[in-house]
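Quick look at what TrEMBL annotates:
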- A:20-402: domain 'ABC-2 type transporter transmembrane' (DOMAIN)
- A:22-43: transmembrane segment (TRANSMEM)
- A:198-219: transmembrane segment (TRANSMEM)
- A:248-272: transmembrane segment (TRANSMEM)
- A:293-315: transmembrane segment (TRANSMEM)
- A:327-347: transmembrane segment (TRANSMEM)
- A:381-402: transmembrane segment (TRANSMEM)
Amino acid sequence: MSNNLGTIIGFTFKNKVKTKSFLITTLVLAILITIGMNVPYFIKQFSGGDDGPDRIGLLTGSGQAVASELEKYAAASGNKDYTFVKYEGNAEEPLKQDVKDGKLEGYLKFEEDPADSSFPKVVYAGEGGMGQGLSTYLQGALQNVKTAMIAKDALTAEQIAALNKPVSLDSLDLSEEAKANAGGDTEKERNQKIMNYVTVYFLMILFFSSNMMTGNMIAAEVTAEKSSRIMEILITSVKPLNQMFGKIIGIFLVGLVQIAVFGVVVVANLMLPNNVGMLQEFHLSLTDLNISVLLYGLAFYIVGYFLFAVLYAAVGSIVSRTEELGQAVMPITMLGLAAFYIGIFSISSPGTMLIKVTSFIPFTAPTAMLVRIGMGTVPTWQILISLALLVVSIIVFGWLSAKIYRTGVLMYGKRPSFKELRKAMKAYKI
Amino acid sequence: MVSLQLDHVFKQYGEKTAVNNISLQVEQGEIYGLLGANGAGKTTTMRMVLGLIYPDGGEIRYHGKPYSNELTRVMGYLPEERGLYPKIKVSEQIVYLARLRGMSKQDADKSLRYWLDRFEVPEYYDKRIEELSKGNQQKMGFIAAVVHRPQILILDEAFSGLDPVNVELLKATVKELRDNGTSILFSTHRMEHVEELCRRITILHRSNTVVQGDIKEIKSRYPREEVVLHTVGEVERLESIPGVKSVERNERGYQIKIGTPDTAQLILQHAMAQTAVERFEIKEPTLNQIFIQEVGESNE
C-alpha cells in the first residue's frame, strides 16, 4: 500500500508538468520576469541618458543673483544629468519656444515671494511636469543656494557644507543583546541586515504566490477528478489520506520545478551585462546571506505550504463543478492574504504585539515568524514551538481534510452544509 | 462458493430510504443482475458493495469476510459515468489505475495491451480519452475495470450508449470473464441483456426488492398467457374459443392472449381443424412483462 503514495506523486507530477496550461503559464511568467528585470535598463536607454545632460533654462529676470549661484553650484557639484542655461531679461517667449523645440527640458522663473523677502519663489515650467529625479536635484540645489546666499560671507565654505550635510539617524534595537555594544552596526552588519530584509521579503512573496498558485491547482485537480467520477474508482483503490497527500506532494514538486525555472531566469537575467551593476549598486552580495534565516525560511515555507494545501484539497472535494471553485476557495485565499500582509507590513517593525501573536498562529506563522527571525530577534525555543505548532496543525487539519475529502468527493449537487458534512464524516474511515 | 453476500443491507439518505433490506448472494463465476428503473437504488447498492459508502444496517461479506482495504486489489468497478481522465493518454491512466490496485507496471502494461487487442483497438494505446468516441471511451472504462484481473467485478450500466456490435463484443467478454471464475454484479434497466447473461436477478423498485431469484423459476411463477400462432390459411372465429381474451393479427399470423393454460390446446385444435399450422408457441412471459407487471410502470 505504501508504494501507492509514490505512484500517485509520480502520476500527478508527470501529468501536471506536461499540461499545456502549465507550460504556457510558466513561459509567460518567465518572459514577464525577464521584461521586468530589464525595464530599468530600457528606460535609461530611452530616456536619453546619452545625448548629454538635460538643459534647464533660467529666466533670470528679477532673480539674477539666484541664477548665478545656481550655475556656480551646478558647476561645483559635478552633476552630469542636468545643466543650467541662463536667459537674460524678462522675455519668457524664447524659453517657451526652446522648450517646444526640444532645446530645453524646461525652465525656472523667479518671482517675488511676498511672504519671504530673503529668497524668491521658484517656478518650474516644462512640458508635462517635473520628474522625480529633477525635482530632488532642484530642491537640493536651491536649498544650497539659499543657504549660501543667506549666510553670505559669515560662514566658511566648510561650515556651509557641514550645514547642508543631512543628519544621520540610525536605529539600534536594544533587545539585541549581542549588539548592545554601543557604536551601532558595522558596515558588514548593515549589509547583512539589508540582505536579511531582501531574503525575508523574497521568501514571503514566494510563500504567498506559490501557495496561491499550487493551492488553486490542487483544488482544481480534486474537483476535476470528482466531476469526471474518476474519484469513485480512485477511492475504491487507494486510501483517501494517501490519495490526498500524493496529490499535494506531487503538485508541490510541480511548484518547486516552476520556482526553479524562475530562479534560473532571474539568475540568467542578473548575469546580463546591463544588469551586472545592479547588485553592486544596492551593495548586495551573496556572502552577506544569512544561512540560518534562509533555512528557517524554507522550513516555514514547506510546513506552511502543506497546511494550506490540505485545506485547498478539502475545499476542492466539497465542490462539484470547477465553476464553483473560485468562490469556495475564497476563505483560504483570504487567510493567505492576511498572512502575507501581516508579514509585509511588519517587516520594518518586527517587535509589535501583532507579529508576536501571529507568529504562533499556524496560518500566519510562516510569514510572521520569518519576519521575526530575519528582521528582529527571537529566541530559538519560540521558533521551535511555532514550527511544532505548525506540524501539529498539519496533522490535525490533514486528518480533518482527509475526512472531508473522503466525504465530499461522493457528494454531488449542491454544496453540503456543515451539518451534513459532519454527519457523513462520522461514517468514514480514512 | 459465495463471493459476495449482502445480508439485509439498508441505506438511508436523510429521511429517504435509498436501499431497503436488500439481501443477495453472488457466486463465483456468476453474473448477477440487479434491475430497476432509474433511482431504484441500484447504484447505491453497488457503491455499498464497493465500500464507497457504508450501509446503515445489514452486512456485506466478501468471500465470507467483511470489507477491508485488501479488497481493492480483487475488485473492479465500471461506474455509470465512465470515470477516466479526459486529457490523459489511455495507456498512462489505465496503467496508473492498475498500479494503484497493486499491479506492477510491466504487468499492467501487458494486461492493457491484451485488452486493447481483444477489443481490436491497439491504436488507442497512445490516444487521449477525449479523442475517443463515447462508445470507445466506455470500452476504455471497461478495460480500466478489468485490467487488474479482479475476482469481483461491479458493472453499472455497462452496455448503455453502445452500438449493437459493441454490445455483442462486451457481452461475449463478460461471459468469458464469468467462465474464468469472475463474480459479476451487473446492473441495468435493459431487460434483454439480463435474460441472456444472468442466471439470477433482483428487481428493485423504489428501494425495495420486488422480485428475486432464478430467472427460469421467476418466469415459471408467472402464467403463460400468450400464444403465437402462424398458419398457412385463415383461422376463423378464434375469439369464440372459451378463455381467449384478445386476438391480434399481424403479417405472419396471430398473437392471442389467454386466461388459462388449457385454452392454448383448444386454440391449437381449433386452428388445425381449419388449416395447416406453421408455428405454435405458448410464450413464457418476458422479464420486461414481469417487470412492468410488478413495478406497474412503463420501462423503456
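FYI, residue positions are counted from 1 along the chain as it appears here.
Keep in mind that glycine also has a Cβ here, set from the backbone N, Cα and C atoms.
Note that this is a predicted model, so its numbers are computed, not measured.
Within the same chain, residues 196, 199-200, 203, 206-207, 210-211, 214-216, 218-219, 222, 244, 247-248, 251-252, 255, 325, 328-329, 332, 335-336, 339, 362-363, 365-367, 369-370, 373-374, 383, 387, 390-391, 393-394, 397-398, 400-402, 404-405, 408 sit at least 6 positions outside the transmembrane segment (A:293-315) and bring their C-beta atoms closer than 8 Å to a C-beta of that stretch. Contact between the transmembrane segment (A:198-219) and the transmembrane segment (A:327-347) is present: at least three CB pairs lie under 8 Å, with pairs separated by 6 or more positions in sequence. Sequence-distant contacts of the transmembrane segment (A:22-43), counting only residues of its own chain at least 6 positions beyond either end whose CB sits under 8 Å from a CB of the stretch, comprise 16, 254, 258, 261-262, 265-266, 269-270, 272, 274-275, 278. Panel annotation: around the transmembrane segment (A:381-402), residues 240-241, 244-245, 296, 299-300, 303-304, 306-307, 310-311, 313-314, 359-360, 362, 365-366, 369, 372-373, 430 of the same chain, lying at least six beyond its termini, place a Cβ under 8 Å from a Cβ of the stretch.
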